[in-house]
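Positions annotated as domain 'HMA' by TrEMBL: 40-106, 122-188, 196-262. According to TrEMBL, the transmembrane segment annotation covers 330-349, 361-383, 389-408, 544-568, 588-610, 926-949, 955-975.
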Amino acid sequence: MAHLQLTALAGGADDEMEEVALLGSYDVEAGAGDEEAGMRRVQVRVAGMTCSACTGAVEAALSARRGVRRAAVSLLQNRAHVVFDPELAKDEDIVEAIEDAGFEAEILPDSTVSQPKSQKTLSGQFRIGGMTCAACVNSVEGILQKLPGVKRAVVALATSLGEVEYDPSAISKDEIVQAIEDAGFDAALLQSSEQDKVLLSVSGLHTEGDVDVLHDILKKIEGLRQSGVNFANSEVEIVFDPEIVGLRQIVDTIEMESNDRLKAHVQNPYLRAASNDAQEASKTLHLLRTSLLLSIPVFFIRMVCPHIPLISSSLLMHFGPFRIGDLLKWILVSMVQFVVGKRFYVAAYRALRHGSTNMDVLVVIGTTASYVYSACALLYGAFSGFHPPIYFETSAMIITFVLFGKYLEVLAKGKTSDAIKKLVELAPATALLLLKDKEGKYSGEKEIDASLVQPGDALKVLPGSKVPADGFVIWGTSHVNESMVTGESVPISKEVSSPVIGGTMNLHGVLHIQATKVGSGTVLSQIISLVETAQMSKAPIQKFADYVASIFVPIVITLSLLTFLAWFLCGWLGAYPNSWSAETSNCFVFSLMFSISVVVIACPCALGLATPTAVMVATGVGANHGVLVKGGDALERAQNVKYVIFDKTGTLTQGKATVTTAKVFSGMDLGEFLTLVASAEASSEHPLAKAILDYAFHFHFFGKLPSEKDSIKKRKEEILSQWLLDVADFSALPGIGIQSWINGKKILVGNRALIIENGVNIPDEAEHFLIDMELSAKTGILVAYDGGFIGLIGITDPLKREAAVVVQGLKKMGVHPIMVTGDNWRTAQAVAKEVGIEDVRAEVMPAGKADVIRSLQKDGSVVAMVGDGINDSPALAAADVGMAIGAGTDIAIEAADYVLVRNNLEDVITAIDLSRKTFSRIRWNYFFAMAYNVVAIPIAAGALFPFTGLQMPPWLAGACMAFSSVSVVCSSLLLRRYTKPRLTTVLQITVE
């Protein structure tokens, strides 16, 4: 049955599908997941990076370290993601590599974006009581090895211990214990290979005695592997076995054992990062204020005081061999140069020590040249009596302007990560835990930290409060606003068994929910992880900026030296009149000022910030609109999409198959026919099979069911077990249908190919009826029983209301839409005609969709695939841009580059439009950054001086440099104003 494809039903909360992580983790390199099995991943906060040359130096230092498989460094996030072999390197080696490169490093505690635990095997040690001989051992081992998910089981009689390797996604520790106890033995888990690392902030740590009390409490907690107390920050880092002890139990134990003197709270890693950013901004502001306070008097002494006779005469008085004015400037500027400017010297030294160069090197060269010349001129004037002009204010004002630019840059860069901050803030701080008594009845409620919620907890959600974790409703009815996570603006009705998403807002009624996913397993955490990973990734266009940054500083220093030599030699040879250099007293100082201006005005930062700031803002904006991008490379490819391939079922259609027609072509009764077909399809998990089963059930039992929803479900299960016929030898035939045996006779349910293949003749009347259905966009399911054709069923899947308009919109954007489906040609063409697609590929098996994509890619065209992420995975992976639509909360989207959270085709247009707008902004950023340097450096070098007589002073050059990088960041921030394209605009329709 080519048209019978495995498809996710929209909103199918009851579908018993294999549960996988929603957004899976995204590896930047294709195939990285296979190559990096067993590798350790860490996030490192890196302080001191100023431009893309710094990130290159950190990446090079990490890559050179033995055991490091991959390293990605983000300038904007001040963070490095490192993948390494734990057998060859340790966390300390990673920190040491970064510090050797001249930067400060700190391993961040495991955050909620860690790898899903279901991807690895755990080793658990169980205590087994009641074994008396080798037969008991063999019995326990045999039982354990038969359990699903158990890889290996070894039991020792002498120690009464058993070691079991198991997949926690397939079987839990409690199920293993239950299996051993069912065999007649006592069992308990002692320890497992699993471990979690968490940072707790502890209030009440005032003395060393409090620290000792905390140490004693932690030592007594079973399952706690390691702990380290930081008294200065009132923090404790713990490593524990979550299979033995829960985080909530640890926090409660600390409070109880200390008689409530100590209170522990889980630190949110994102809020901690935000705190670090705030500290950096505060530190930069403090330096700026200090520099400004010291530089303003210098500026007044140089520029204002000479025009005030009384003050001017006072400053010309001598203190020893020095003029008082010059001495004051020297003291003040020395403090700016070496106290405030210490950070530039340290950063420049670290960069040069490792053979790299950055903006700090340029600032140090420019300011030091000005300072050293001025100091030498001051000493020469003091001892010779001839006082050449000094330029102390140049270095002070350059440092002040650079710091001012850095401060504005820090503030602007903080704005680019607003999307993640907003997502983090969606998660509520606390949750109301429903407490149970010994009989299992609810006896009260307790407010706990939301990060301490565990799977299985019953939680109370009040009207107007946020849902604390993913789960399902166990009591109550309400409406929930899910727009902040899914982008769906209409509140969703919730009742018993309805799924809920953590971070969404409960509007009206009180709900009791049971948590199923917490921490890294929640939809919100995975969205945050995906956005963060995307912001860490580099778009291919950034390689150009990285290359330019690597050679930029040496080129600028060379140009500065050439500028000095050109002006100095021309002055020495008399090529220009002495009046040009009269103000500076000699051609040496005249040439030096041009040279310093060249060094100071050049800005590598603007180039380095052009791409990452835009990508960071765009991924955040996309997340706010329900469009999740998995990296800068995907964002770059999407701008050039030429073909968009749509799957039919569940993508162009609603994915809600319903039976519209059932016709019998034999002497059989319709009810008997439906019972026969439903019995055959009951063993299938396919959506079309479920549609047939539901139709047959309602045909027989409509009006005979209770009104309560839970009662209906229970009664339906009872009826199904009694009503359906016994089926033998059921087998699914991919692409054509199913076959089985009922009452000793073979039954076939599928498409025309299945029936013909088995030698069954289709009557002309049935053939004509089938053709009419297919021409009206319905899918025909044919049924044969005991070698004869007995009837057919017509199934329709309604089109999404926006499908036709989106297809027309893509055409207006210059994108060619194509529909690829496994359905028959007549049905496919009828659907395509309805939505306006001319290019149709029908009767294509799931694996064949990838071949269609490759054929379109042969001429270099960029192909996007829009699918539901299940049977479309090969095609999503083969496409240049894979878009998984209608992700919901349970579907694995690992092959796709874009995840369109809402089940709405309009987001396909949003994804392409956002990509085009982003890279248009990036190109403007590069133009401004390149144009600035191309124009500013010649002006600073004095190219206009012979014609205009205007010379750019070094302090003004420093101000220009400071504002150039800020302007690029502000340009990227304009993307925050992005709005989704209205289809009326795309279609150029004027609405009256």
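Just so you know, glycine gets a Cβ as well, placed from its N, Cα and C.
Automated prediction, rather than curation, is the source of TrEMBL annotations.
Contact check: the transmembrane segment (588-610) against the transmembrane segment (955-975) gives at least three Cβ pairs closer than 8 Å, residues 6 or more apart, which meets the contact criterion. Taking the domain 'HMA' (122-188) as a whole, pLDDT averages 81 in the prediction. Listed by sequence, the residues of this chain that lie at least six past the ends of the transmembrane segment (389-408) yet keep a Cβ under 8 A from its Cβ atoms are 50, 281, 284-285, 287-288, 291-292, 294-295, 298-299, 301-303, 326, 329-330, 332-333, 336-337, 340-341, 344, 363, 366-368, 370-371, 373-374, 377-378, 381, 583-585, 589, 593, 596, 600, 953-955, 957-959, 961-963, 965-966. Just going by CB pairs under 8 A, the stretch in 361-383, 544-568, 955-975 that sits most against the transmembrane segment (926-949) is 955-975.
Remote same-chain residues near the transmembrane segment (544-568) are listed as 51-53, 55-56, 356-359, 361-362, 365, 538, 587-588, 590-592, 594-596, 598-599, 602, 604, 607-608, 610-611, 926, 937, 941-942 (criterion: CB distance under 8 Å, separation of at least six residues from the stretch ends). Residue counts of the domain 'HMA' (196-262) by helix, strand and coil are 24 helix, 21 strand, 22 coil (DSSP-based).
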